[in-house]
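The structure appears right after this line, and notes come after that.
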């Protein structure tokens, strides 16, 4: 039975690493930028999954968790991205 979301080993490992980053008095620029998205743990869990499996298809649960976090924290509006259909996140907002 496969683990999902916040119960995955990747998520648990990412959460532990995030606790260490928060205690760091001089975090690097990358950690600071990712932390500001509000999705540091979800991002790291996805990276850990891909690094171990080498196959994004095996990381659907981590991807779904990251996507949910990204949207919940308003990052689609803050950062311009391009969707599969070629529209940007800013184009999507204009249509609303």
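Placed from the backbone N, Cα and C atoms, the Cβ positions cover glycine too.
Copied over from Swiss-Prot:
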type	residues	note
DISULFID	39-69	disulfide bond
DISULFID	49-59	disulfide bond
DOMAIN	36-77	domain 'CHCH'
MOTIF	39-49	motif 'Cx9C motif 1'
MOTIF	59-69	motif 'Cx9C motif 2'
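Note: the CA-CA distance between residue 39 (disulfide bond) and residue 49 (disulfide bond) rounds to 15 Å. When each of the disulfide-bonded residues 49, 69 is scored by how many other Cβ atoms sit within 10 Å of its Cβ, 69 comes out lowest. Long-range neighbours of residue 59 (disulfide bond) (same chain, six or more residues apart, CB within less than 8 Å of its CB): 10, 46, 49, 50, 53. As a summary of secondary structure, the motif 'Cx9C motif 2' (59-69) carries 11 helix, 0 strand, 0 coil according to DSSP. The DSSP breakdown of the domain 'CHCH' (36-77) into helical (H, G, I), extended (E, B) and coil residues amounts to 35 helix, 0 strand, 7 coil. Mean pLDDT of the predicted structure over the motif 'Cx9C motif 1' (39-49): 97.
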